[in-house]
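Asker: One structure coming up, written as structure tokens, with questions to follow.
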Amino acid sequence: LLLEANLLQLASSSHHPFYNGFYYNHIMNDMDNGQDKVDYFSGPKLVVETSKDPVYSYSGANVTLPCHYRYDSDPGAKRKIRIKWSKLRDDYTKEQDVMVAIGKTYVAFGDFKGRAHLHQASQYEASLVISDVHLKDDGKYRCEVIDGLEDESDVVDLRLQGIVFPYQPPRGQYRLNFHEAEQVCQDQGAILATFHQLFQAWSEGLDWCNAGWLADGTVQYPIRLPRKPCGGVHLAPGIRSYGPRHRHLHRFDAYCFSSMLRGEVFYLDHLTGMTLEEAKQSCQEAGAEIARVGHLYSAWKFLGLDRCSAGWLADGSVRYPIVKPRPNCGPAEPGVRTFGFPSKGRFGVFCYKER
């Protein structure tokens, strides 16, 4: 009863409205006379614009993310502008600082140190240049321009041209927790794919019935042709999802993403074939390294590598890429064929050499 009485007294005596403590375009000043003074912002409105279409690039390239700002009326004297670039998660819940600049002074953060700077060819340009693009650079970026109380931003999408491929380790199906999946993709010259990368691969024809980890910790798999073991024949084609899984306890395969190559993949063979160790040595003698799985998939997709001869790869698997299906070269569809991880046998080898 006492609590109720106190609450009633507070409600009847307070004439101030409730505020959440944050104001965008006005400032509340207590004048000690029971009245609030409201100062409305009346300067020129700031407008920030980026590319509405995605910007495409590939691993190792240099890319410019366009961003320009303007005012809806003459801003008058030269203004001190602060520019901030951030990288967003797909769900917009978290940002990674990329770079902050005031005038000609700027600071890049984290993995972007030494790789990010502003391109300001005109007075109102705030474009971001990223050098030596990394696989993890793929995603959405926010260009934010701050002028005093005015703070406006827009988002641009950087998409890397690449390929998604499913991966199982030598131990077999569903042996990887999330962190192990991250590592095996990295070992193959790739990273865990994002959902939009997997969706793009599905739209281009990827059909794989095994569930695999994605970069956000969810487990999903792409189905083009519905069938009983893959969710049932009555479900429509699409991306099947198990949702988020426990990153340490649950085990699945992995979906890896590799971009275009900065080098070339070539094939070596001996009359009697080679063991895995002999294959590694042959690549070294040719001034190269034994190719990884990501290298082979990228060369198949972007460089048209077509070889109906099986060869060793760095993970101990034996595979070969087919662009033009033909007799005695596997199924009727293009793709990278695999012999698994043979413990014995002699084969050729795929080598990778950077330009």
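Quick reminder: no glycine exception, Cβ is built from N, Cα and C everywhere.
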Asker: Scan CYS283, CYS329 and flag the one TrEMBL records as disulfide-linked to CYS308.
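Answerer: Candidates were CYS283, CYS329; TrEMBL matches CYS308 with CYS329.
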Asker: When you check TrEMBL, which of CYS185, CYS230 turns out to share a disulphide bond with CYS209?
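Answerer: Of the listed candidates, TrEMBL names CYS230 as the partner.
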Asker: Can you check which residue among the disulfide-bonded residues CYS230, CYS329 has the largest number of Cβ atoms within 10 Å of its own?
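Answerer: That would be CYS230, with the highest Cβ count within 10 Å.
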Asker: Any idea what the model's mean pLDDT is for the domain 'Link' (264-353)?
Answerer: 97
Asker: In the domain 'Ig-like' (44-156), how many residues does DSSP put in helix, strand and coil?
Answerer: 6 helix, 60 strand, 47 coil
Asker: Using a 10 Å radius around its CB, how many other CB atoms surround CYS209 (disulfide bond)?
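Answerer: For CYS209 (disulfide bond), the 10 Å Cβ neighbour count is 14.
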